[in-house]
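Below is one structure, written out as structure tokens; the observations come after it.
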Amino acid sequence: MNTFGREFRITTFGESHGKAIGVVIDGVPAGLELTEEDIKRELERRMFCHIPVLNPRCEPEEVEILSGVKEGYTQGTPIAVVIWNRRVISSYYEELWMKPRPGHADFAYYLKYGRYYDHRGGGRASGRTTAAVVAAGAVAKKILALAGAEVAGHIVELGGVEINASYTYEDVKKSWERPLPVVDQQALDKMLEKIQEAAARGDSIGGGVEVWAVGVPPGLGEPHFGKIKADIAAAAFSIPGAIALDWGMGRALAKMWGSEANDPITVANGRPTLATNKIGGVLGGITVGTPIYFRVWFKPTPSVRKPQQTVDLAKMEPTTIEFKGRYDVSIVPKALVALEAITAVTLADHLLRAGLIRRDKPLEK
């Protein structure tokens with residue numbers, strides 16, 4: 001499926017080397033301020049062109065809102081957004097036709113779609129397709145703001161280099177002022193070195209990111225199959241390259257005694273709340289009003305400039321390929337922005353499901 005969400009619903013389309021990437025967003029109330037610049041601003045956060053090996057394509061994002069917005073306000077009808085693909089070089093992929101790249105979705109797409117899948121630039125499985133998710137996230141973040149909530153994330157590991165510093169949510173947001181959003185300067189310096197080392201080797205690196213959502217009201221989510229944690233996890237694994245997820249303190253929590261792991265319940269400002277937040281803002285699949293936080297790990301980019309063993313599917317014979325085209329040394333920075341976006345989409349959907357944001361009448365100015 002290419003559609004996600006129930007009340008705030010997005011449908012993405014497009015391939016890496018097609019004419020455009022795009023998304024149709026349904027469920028947005030009338031009266032929300034929205035411009036192409038709002039979407040472009042979010043898309044530019046995923047570019048990282050100041051580190052060329054992270055984005056050799058470095059494509060200026062040409063955004064068009066085709067429907068659902070008039071004079072800077074949403075109309076309550078479906079919003080269609082396209083992002084045009086301009087810097088496409090498909091010649092690199094001619095020699096890879098029917099020769100799936102190890103570690104890439106090429107092989108799985110062949111098994112499912114046969115010779116009809118578009119392998120150029122990774123086609124529908126390319127990280128480029130997350131631009132559509134980020135566009136949807138730009139709208140979702142505006143929905144969250146109506147409820148006083150926001151989402152931000154940072155890189156916690158890259159190429160085996162992990163952060164080693166205490167930090168707050170404000171530190172996470174401020175980290176975006178650095179070359180990469182990393183709260184630990186020493187770790188950042190080592191990560192930048194690792195990026196250049198991988199590029200020099202013709203190889204790639206993976207890593208992990210952490211996303212926070214603060215100001216999320218209590219009561220979002222359902223007891224069983226609509227758990228907020230399950231929905232966010234499903235959304236997270238829709239981002240290409242995602243391989244693992246830790247919620248709250250995650251595996252560290254699993255190693256504690258129950259008496260240590262439990263967050264005490266207290267009263268603050270006349271309301272019950274958690275004294276600590278080891279669980280990451282969710283109990284029983286339902287938000288409790290404390291910050292949501294979780295980590296997702298991404299594998300190294302499959303495309304590398306090293307000989308890789310595969311099969312020529314046209315001949316059904318073993319062969320070796322060596323990728324010569326443009327590739328991102330790491331997908332982690334771009335994946336972080338996409339993960340922020342799809343988290344915002346999921347939370348916006350739950351706000352509408354709970355009736356905290358109404359889609360059946362215009363927003364009050």
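Quick reminder: no glycine exception, Cβ is built from N, Cα and C everywhere.
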From Arg87, Arg251, Arg326, the one annotated by Swiss-Prot with Arg124, Ala125, Ser126, Gly284, Lys299, Pro300, Thr301, Pro302, Ser303 for FMN: Arg326
Of Ser126, Thr301 (the binding-site residues), the residue whose Cβ has the fewest other Cβ atoms within 10 Å: Ser126
Ser303 (FMN binding site), number of other Cβ atoms within 10 Å: 24
Among the FMN-binding set Arg124, Ala125, Ser126, Gly284, Lys299, Pro300, Thr301, Pro302, Ser303, Arg326, as the record gives it, the longest Cα-Cα distance in Å: 45
Count of other CB atoms lying within 10 Å of the CB belonging to Lys299 (FMN binding site): 17
Cβ neighbour count within 10 Å of Arg46 (NADP(+) binding site): 21
